[in-house]
Amino acid sequence: MAKWDSCGSSPAFKQPHWTQIPFTDQKQEFNRPPTRTVRSMSQSSTDSFASVHSDTSDDESSPRDKLQKSTKGPSDFCIKNISQADFGRKEIEMAEREMPALMNLRKRAGGEKPLAGAKVVGCTHITAQTAVLIETLVALGAQCRWAACNIFSTQNAVAAALVKAGISVFAWRGESEDEFWWCIDHCVGTETWQPNMILDDGGDLTDWIYKKYPELFKNLKGVVEESITGVYRLYQLSKAGRLSVPAMNVNDSVTKQKFDNLYFCKESVLEGLKRTTDIMFGGKQVVVCGYGEVGKGCCAALKALGAIVYVTEVDPICALQACMDGFRVIKLSEIVRHIDMVITCTGNKNVVMREHLDKMKNGCIVCNMGHSSSEIDLAGLRSSDLKWVHVRPRVDHVIWPDGKRIVLLAEGRLLNLSCSTVPSFVLSITAATQAMALIELYNAPEGRYNKDVYLLPKKMDEYVASLHLPIFDAHLTELSDDQAKYMGISKHGPFKPNYYRY
């Protein structure tokens, strides 16, 4: 097995040899929110439509009420339709071509199986891209069981393909609140299978195990968390002295922040808006709430198409960045009567409240690019004085007594994964970072990590980035020994100190 070492005389981990790189408009009116079961309001139950629109079944019954059977007979899974597996496999194969890092990891580390013996329970979006990650973990030696981190994101055909490949999946698009937690509970599988690693997106899985199966933490080697919401929950546990295993904060790794959060959102926000509203952006007045990496990506994309973009911020540093990028920084209350669209990107709660919604003009579009639907006051929109009209998938008109209406997208959940396809290449960067974090925690010697939250070692960030350079035919310049000595670093990296801001 490879020896993983992120400590020692060098700030880098000791790389095994394989890491050395040469360089239908159905209208439904109702006075309350949709008459179907209210969707999950858990922090990580964000929405996703994703890239596989293959759920052609008219069967609205819950999959958990059916006998689940694969080609090998009854199995340990619960999905919508196993017959869609072949179509899902084609989607996964398409994603693999745009995810070079994970495919590279399979080739380089597959023989050494750095995750041999790992039992990974995961709760993420179940899309073609995450399927490539899951199957990479299996190729590296892990056993996996998976549930969806939100109620709409699952691509049913992809879930079927994973099941056909022998991976236990408990998820389908359109889960109810009760079904969401049922899937997580069955995914944990405490009677027949106990995990020793957690890969989470939003913290719901970690929280569920902590509250219902705390004894499982005795065997856990660590938690890898992707989202800002889940990371916040981990830091709260750590601060209170209640975090019982080491945790890796992938959300704040350089490769996640600077690529997934920025470039992924920059491309997908426009597609999500176009697919749902057919809007033209030129001349539209848009408020983007939050100017972190997600907000920066959204603003750049909107500005490029001629939108007039305003920014709201609480952080003076981010606010100054927005100003110097050419955006006017204001309070939402100052411009809310005139805007055509508001996009939340803060990761916080109660950003757009009923008082703001009441003042918006007729036809204003309201959507969220943050992880959780808590940024928009959905409870205020579900009051008895407002009427909802379901216009098309993921699009609702909320109508005021005077006839004014706003256009609410994805019920306030994550717009890009709810309403559009996603770029596989950028997700390759995040997925590779998650895989490296799992390998590091699983192989770390006892005592390296305490019961706290850690950032990914810088050398691993650089390694993940380097795996993606060949697709651009990029050639890195190499430091000479004299140059490396002058800078006080190894000529093989890491090239920046941990405090460096990219």
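Cβ coordinates come from backbone N, Cα and C, glycine included.
Per TrEMBL, the feature region 'Disordered' maps to 1-77.
Positions annotated as compositional bias 'Polar residues' by TrEMBL: 37-54.
Taken from TrEMBL, the feature substrate binding site covers T127, D201, E226, K256, D260.
Per TrEMBL, the feature domain 'S-adenosyl-L-homocysteine hydrolase NAD binding' maps to 261-422.
Over all protein chains present, the Cβ of N416 (NAD(+) binding site) has 28 other Cβ atoms lying within 10 Å. Annotation source TrEMBL lists NAD(+) binding site at G292, E293, V294, G295, K296, G297, E313, N416.
Across the structure, V294 (NAD(+) binding site) and K256 (substrate binding site) are spaced 11 Å apart at their Cα atoms.
When the record's substrate-binding residues T127, D201, E226, K256, D260 are compared pairwise by CA position, the greatest distance found is 18 Å. Counting only residues at least six positions away in the same chain, the Cβ atoms of N261, C318, C345, T346, G347 sit under 8 Å from the Cβ of G292 (NAD(+) binding site). For D201 (substrate binding site), the nearest of the binding-site residues by C-alpha distance turns out to be N416; the candidates were G295, K296, N416. Cβ neighbour count for V294 (NAD(+) binding site): 28 (other Cβ atoms within 10 Å of its Cβ, all protein chains included). For the pair T127 (substrate binding site) and N416 (NAD(+) binding site), the C-alpha distance works out to 13 angstrom.
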